[in-house]
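Below: one structure, written as structure tokens.
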């Protein structure tokens with residue numbers, strides 16, 4: 001089924017910044033996709049095209065990307081008479097039209113909007129749910145679908161929050177729940193307990209939420225944050241049933257070959273900055289003291305030696321996730337696999353800028369027996385594409401914020417609907433989240 005019309009506009013994301021929305025029309029109807037954006041972005045990511053005009057939106061406008069869809073992509077796309085059910089041909093066409101290695105001519109945000117809207121149109125063309133179509137084009141097993149474990153970011157630090165805490169995200173991971181809906185209930189109850197404990201201990205304003213819905217109290221150390229979360233898990237009655245995951249986002253505080261855990265202080269003491277090995281030792285202590293099941297971006301994105309050293313120590317105990325390290329880029333993923341630097345991929349569709357390349361990144365990871373965690377960005381929207389993607393890919397893990405803020409819950413609510421629709425044709429990944437593709 002060919003596309004009769006393609007149109008883009010700008011709308012706003014959850015941080016109040018403009019982003020690209022694409023409407024793609026076929027004989028079956030209109031299919032809409034909105035592109036997310038990140039706060040901490042890896043230097044190896046595909047280029048998100050922003051206007052740079054400081055007099056409007058503080059330079060963050062996307063009118064160029066929108067114009068690229070409407071003036072360059074749309075006429076060529078409609079003329080090419082592409083079949084929406086052939087996703088790889090569509091994405092190949094878009095990449096050739098751009099012609100740069102990092103999508104800097106048209107903008108990854110322009111290309112991705114069209115790519116994702118195409119998949120939605122294809123699902124309608126085939127009269128199947130989006131997750132089913134995504135399973136088809138990614139070659140996933142479909143005897144039973146796997147529902148992901150929701151990694152819920154309940155406490156924010158790093159670049160996502162004020163306060164001194166360097167680590168960016170502390171997540172609860174309900175691995176022992178029997179179903180996705182129960183996992184979400186457990187997460188919600190822990191989250192509410194955490195909010196009330198936080199307000200009690202740090203004052204009313206500490207219960208205010210960060211970009212991704214987590215609380216952001218003025219906490220100084222990772223242990224203080226972990227103790228608070230453990231108390232909330234205990235208070236909710238789930239001791240021993242919920243794991244913890246960290247997204248350190250260490251590239252944000254990697255300076256001159258060292259790690260500055262006091263990076264938000266302009267006068268931080270250089271003598272206290274840690275080497276990669278010292279930081280690895282801190283992680284090992286935390287892994288031994290707390291039920292940590294996954295650590296993302298423990299080191300700087302080009303500090304390969306630290307990653308390899310850490311992998312050799314703990315890869316049998318915890319999942320080591322590459323985000324800034326791998327940026328959903330096949331070349332970076334290949335290097336990380338060869339070097340034995342990580343054992344899981346954080347999959348963000350806007351880091352690579354097309355659906356086909358995102359699926360390829362997941363497949364390469366699965367082939368290396370890596371885990372794959374499908375992820376939102378901190379600048380999110382009401383679009384629920386990644387919920388269907390996590391199910392269609394059989395990823396077994398999704399990271400989409402706290403059980404708060406509608407742009408986060410939109411994804412979690414969509415998985416609830418998918419769970420209901422699939423009934424006994426679905427299983428919850430639970431403790432097998434790392435190897436869900438094999439279930």
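Keep in mind that glycine also has a Cβ here, set from the backbone N, Cα and C atoms.
Note that the structure is a prediction, hence the values are computed from the model and not measured.
What Swiss-Prot records for the Mg(2+) site is 296, 323, and among 247, 364, 367 the residue it adds there is 247.
Cα of residue 377 (substrate binding site) to Cα of residue 323 (Mg(2+) binding site): a distance of 11 Å. Listed recorded positions near residue 247 (Mg(2+) binding site): 296 (candidates 212, 296, 348, 375; Cα-Cα distance within 10 Å). Among the recorded positions listed (212, 296, 399), 399 has its Cα nearest to the Cα of residue 348 (active site, proton acceptor). Annotated Mg(2+) site 247, 296, 323; additional same-chain residues within 8 Å of its Cβ mean position, judged by their own Cβ, are 168, 169, 246, 248, 249, 295, 297, 321, 322, 324, 346, 375, 399. Residue 247 (Mg(2+) binding site) is surrounded by 29 other CB atoms, counting those within 10 A of its CB over all protein chains shown. Reported as a whole number, the C-alpha separation between residue 375 (substrate binding site) and residue 323 (Mg(2+) binding site) equals 10 Å.
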